[in-house]
Structure formats: structure tokens, C-alpha cells
Amino acid sequence: MRYHQYYPVDIVNGPGTRCTLFVSGCVHECPGCYNKSTWRLNSGQPFTKEMEDKIIADLNDTRIHRQGISLSGGDPLHPQNVPDILALVQRIHAECPGKDIWVWTGYKLDELNAAQMQVVDLINVLVDGKFVQDLKDPALIWRGSSNQVVHHLR
């Protein structure tokens, strides 16, 4: 997996103070997407064990209380990203108790395959659906267009 940006402290992409990772790779290519630079799978930089360790350390850093992590992109549920995203969320569950995990994807919840559902089974919130320019609404919270759904899973 590759990623474009990691924010160790973020107050924009989800509730509370959190970490945010923007991964590379998106097949949806939504017109009007605010993050087009993340579409190509080979863009950005490699997601390494060192970066994964940094995320875990940041989530456990007691100097700044972080509520959890937001995974966006690109698309964390792109088939090529799923193995690394699954490993990351499993590790967060094991090593960062009490931290919530939010994932944004262009796929719809009812369209996900078994591998993608393994990730969804471990997260707290899934924001699903492609961004639709004609349905854009700046008043929406945690989503860009009114067709997208915020699923509070656990």
C-alpha cells in the first residue's frame, strides 16, 4: 500500500482530535473530488512498518489525547489496500484499546466483498458512497454529498 499524507493530529476528518491517513488508489474517480492526487495506486509513498509503528505510537501518546483514527484517500477499501488496512485496524484493536476507527470509501456497504467486510467488521464508522458533485452540500457533516451515508457500526 502507498499513502499520500499522514496527519498525527487532525480535528477536521472525524470527531475529536485524531490521526488521519490518506491512502493512494481509487477506482471511483468522482468528478469534483477534492483529493484527485490520491487516485493512482503508485502515487505517494510506501506505507512501511515504520509508518504503521508511528501511527500506533501517536494513538497511544498520552500527551495529546486522540479519539481515534480516520482512514481516507484515495480509497482504503480499494482491493489492493485492503490487506494493509486490515493489518493496521487489527493492530489498532490489539494495541490501542478504546480508539475509534472511521473509514471513508466510494464503495457502498452492500457492495463490499468478503475481504473488504473483514475491515468493516473491525471499524466503528463507515462513510460510504461516491462523491456526487450535483449532490454536494457544504452543510453536511463528515460527508461531501447527500448520497453518502454515515454508518455507525459499533
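In case you wondered, yes, glycine gets a Cβ from its N, Cα and C as well.
Sequence annotations record features per position, and here Swiss-Prot assigns [4Fe-4S] cluster binding site to Cys26, Cys30, Cys33. The S-adenosyl-L-methionine binding site annotation in Swiss-Prot covers Gly32, Cys33, Tyr34, Gly74.
Positions of Swiss-Prot features highlighted on the structure.
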residue : record                               : contacts (Cβ under 8 Å, 6+ apart)
Cys26   : [4Fe-4S] cluster binding site        : Cys33, Thr38, Trp39, Gly73, Gly74, Asp75, His78, Gly106
Cys30   : [4Fe-4S] cluster binding site        : Gly106, Lys130, Phe131, Val132, Gln133
Gly32   : S-adenosyl-L-methionine binding site : Phe131, Gln133, Lys136
Tyr34   : S-adenosyl-L-methionine binding site : Gly144
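The Cβ centroid of Gly32, Cys33, Tyr34, Gly74 marks the S-adenosyl-L-methionine site; residues of that chain outside this set whose Cβ lies within 8 Å of it are Cys26, Cys30, Asn35, Lys36, Thr38, Phe131, given in sequence order. Cβ atoms within 8 Å of the centroid of the Cβ atoms of Cys26, Cys30, Cys33 (the [4Fe-4S] cluster site) belong to the same-chain residues His28, Glu29, Asn35, Lys36, Trp39, Asp75, Gly106, Lys130, Phe131, site residues excluded. Under DSSP, Cys30 ([4Fe-4S] cluster binding site) is assigned to coil, being neither helix nor strand in the three-state scheme.
The record assigns Gly32, Cys33, Tyr34, Gly74 to the S-adenosyl-L-methionine site; their largest pairwise CA distance measures 14 Å.
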